[in-house]
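Here TrEMBL flags His483 as active site, proton acceptor. The FAD binding site annotation in TrEMBL covers Lys88, Gly152, Thr181, Gly182, Ser183, Asp351, Met357, Leu358, Ala359, His360. According to TrEMBL, the NAD(+) binding site annotation covers Gly218, Ala219, Gly220, Tyr221, Ile222, Gly223, Leu224, Glu225, Glu241, Gly310. The disulfide bond annotation in TrEMBL covers Cys79-Cys84. Summarising the annotation, TrEMBL assigns domain 'FAD/NAD(P)-binding' to 42-366. Marked as domain 'Pyridine nucleotide-disulphide oxidoreductase dimerisation' by TrEMBL: 385-494.
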Amino acid sequence: MAMASLARRKACLLTRNIPTAPLRFSFSLSRGFASSGSDENDVVIIGGGPGGYVAAIKAAQLGLKTTCIEKRGALGGTCLNVGCIPSKALLHSSHMYHEAKHVFANHGVKVSSVEVDLPAMLAQKDTAVKNLTRGIEGLFKKNKVNYVKGYGKFLSPSEVSVETSDGENTVVKGKHIIVATGSDVKSLPGITIDEKKIVSSTGALSLSEIPKKLIVIGAGYIGLEMGSVWGRLGSEVTVVEFASDIVPSMDGEIRKQFQRTLEKQKMKFMLKTKVVGVDSSGDGVKLIVEPAEGGDQSTLEADVVLVSAGRSPFTSGLDLEKIGVETDKVGRILVNERFSTNVSGVYAIGDVIPGPMLAHKAEEDGVACVEFIAGKHGHVDYDKVPGVVYTYPEVASVGKTEEQLKKDGVSYRVGKFPFMANSRAKAIDTAEGLVKILADKETDKILGVHIMSPNAGELIHEAVLAINYDACSEDIARVCHAHPTMSEAIKEAAMATYDKPIHM
């Protein structure tokens, strides 16, 4: 090993902050932990989405008497019912159709005709959702979590009034109350969502027919994913975005290649464009747009318009102001590092607090929050939470982008490896994309990893583990990776970061 490499490796090891064992306390917890009455809970959670239901199960596993309140009547929140899960079902189904129609023949598989059975496709999605929500109810029963179906709002910092789904009203008491009510679709001025011709992501999951023309307002994760679904099924998709780039949080180099790929899939983009009016009085929808900086207006016509301009924290109707919980100007609940609000005994997690609006982030919040409540040590590092766009190919990332490192004045090295040089990708004819690794120039510590490829959302977790344990690019490069696999591209990119790759 070269002396320079040894020096970088030593420096990287010295910078590591290896997670230590959680703090332990001398007392033990049980179902009766500090309980003053049979009707009082140790933990009450308002919201049964990814953050809420995970927090409930973890609290029960820690021996705390727990109740979870959910207004939807089905657990899993937006993610499971009208978000992450049903969208992934449709992304997979539409991809299968597209492959059968356009790719099978290249592999010697000839199909005389391929048709879309939209009702069957939607039914498969609904079945997956139903089975998973029932699965969470089963986990609640297994862990003895009390489940209340209804809309909860604060009476006091230790009492929640619940209008139950069967029309009754009850009060749920708890020593610790966690707000986990998630987020809702962000509306745009002058645009009314009717979930028929002008739809949110919820309506886009259940269109009764494939629109000939679909306009997507917003070039973020959700808009590009749902645009991909209907584009594969035959819609002409146009994405209108106010900003100058799609997915602004994405690494710039990856973003440019990603946009070119989507354009090859016939997705059209109108960037730096503002929506100033909409007319849905006729059979379709007319969208009036103009340049973001001002200029001549033009009209776009579509059968369906998808409003995908982001999400807002859902805190309305909780009566937070009644008990004095502080929020910021966009409605997010302000919490400290232990997820405590300014009101003693009241906590918040997930989309209702600052940080990435991601289901897996909410889950980690939930676990950490109840660990703090139980006297243990919880921790979530938002800088090390992965993000994935589930298009085809997928784009996954963790850590810093190249633009962020430049802005912060950090000296770094870049290692890249294209899937065109990966044997598995070439063998299965899915060689579009690359792996990009950013590492500290002096210590070789990995600062960011960005992957564009099929199943990038699965590949990224090697990098997530590496970043969480402050690994160097050389650590990944010196780990044996099975051959032939897509994962070898990560090894090669790591080699390119601190030295040179073998296969390029």
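Residue positions begin at 1 at the first shown residue.
Heads up, the Cβ atoms here are built off N, Cα and C, so glycines get one too.
Taken as a whole, the domain 'FAD/NAD(P)-binding' (42-366) shows an average pLDDT of 97 in this prediction. Of all the binding-site residues given, namely Thr181, Ser183, Gly220, Ile222, Leu224, Ala359, those whose Cα is no farther than the 10 Å limit from the Cα of Cys84 (disulfide bond) are Ile222, Ala359. In this structure the alpha carbons, written CA, of Cys79 (disulfide bond) and Lys88 (FAD binding site) are 10 Å apart. Annotation for the recorded positions Cys79, Cys84, Ile222, Leu224: lowest Cβ count within 10 Å of the residue's own Cβ, Cys84.
In this structure the C-alpha atoms belonging to the residue listed as 'active site, proton acceptor' and Gly218 (NAD(+) binding site) are separated by 40 Å.
Thr181 (FAD binding site) sits 20 Å from Ile222 (NAD(+) binding site), taking the CA atoms of both as reference points.
Long-range Cβ neighbours of Lys88 (FAD binding site) (same chain, at least 6 residues apart, Cβ-Cβ under 8 Å): Tyr390. Per Cα geometry, Ile222 is the residue among the binding-site residues Gly220, Ile222, Leu224 nearest to Ser183 (FAD binding site). Across the structure, Ile222 (NAD(+) binding site) and Met357 (FAD binding site) place their CA atoms 12 angstrom apart.
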